[in-house]
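Enquirer: What TrEMBL lists as transmembrane segment is 22-43, 49-71, 97-121, 127-148, 169-191, 211-228.
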Amino acid sequence: MDIIKDLFVTNKKVLKKTIKKMFNNPAIFLVGVPYLIIMYIGLKLASNMSIFGGIIIFLLESAVVSSYLYVINEIISNKIFELSDLKYSFSIYLRKIYVLLLILYLFNFGMSLFVFPLLSLIPFGKIILILCYFALFILFNPLLEIIYQFNLTEVDSLKFSINFVKNNFFSWLIPNVILIGTITVVVYYFTNLVLTIVNTPLYNVNFALKFVIFLILGQGFIGTIMIYRGELFDILSNTTRKKRLFNRLNDK
C-alpha cells in the first residue's frame, strides 16, 4: 500500500509541475523547427562524403540531443526557455552523448558479431535476444536524465542508471508506461481530429502547413514526456520512499 500511495502522491506532484512548466515555456513547441533545419542541412552536406558523412551525421545527432537536453534542464530548473538560448546548447553535453552512443553502438556491433550467431543455434534464441535488449532498455531507460542532471563520466552514468532502476523499479517504470500509453492514445485521437479538420474544404491547407502543425504538436507531446520524466527523476534520485513519506508526514 505504501508503494501505491507513494506512486500516487509523487506523480500528482510531478504532473502539477509538468503542466505549469509547459504553460510557462511555450517556446518548447517550436524547438523542433531549428533541429529539423539543422538535420536537413547536415544530411544534404553529408550525403556526398562517404564514411565522413556518417561521422558528421553522428555528431549532428549528438549535438541536437545535447541541445534538447539543455532545453529540458533549463525548464526543470525553473527557468524560462527562449529559442535564443539554443546557441549555447549544442556543445554542453555533446562529448558525453557522443561517447555513450559510441559505447552502445560498439556493444550492439559486438552482439551482432559474437552473440547473435550463437543464439541462432539454440532453441528460443530470438526470444532470448529480444529479452536481452528489453532488459538493456529498462536498465538504461533513465540515461538521458542522468546526462543533464548529474555531472558523471560516461561509465559512471551507465552504472548510476542500473542502480537507479534497481532502487526505483516500480516508481520509475510504472509512471513511464502510463505516461507513454496515455500520450500515445491522445496523439492518435488528436491526430485524427486535426486530419479531419485540415482535410475539409473549408480548412484546405497545403502539405507544408500540415507538416508544421504536426511538428509543433509532436514537439509539445515529446516535451511533456521529457519534462515529466525529468521532474520524476529529480525526485526519485534525490529521495527514498521512506524520506518522501517522512516529508509528507512533516508537511501535515
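Cβ coordinates come from backbone N, Cα and C, glycine included.
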Enquirer: Taking the transmembrane segment (211-228) as the first stretch and the transmembrane segment (97-121) as the second, find out whether 3 or more Cβ pairs fall under 8 Å, excluding pairs closer than 6 in sequence.
Expert: no
Enquirer: Which range out of 22-43, 97-121, 127-148, 169-191 gives the transmembrane segment (49-71) the most CB pairs under 8 Å?
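Expert: Between the candidates 22-43, 97-121, 127-148, 169-191, the best contact partner of the transmembrane segment (49-71) is 22-43.
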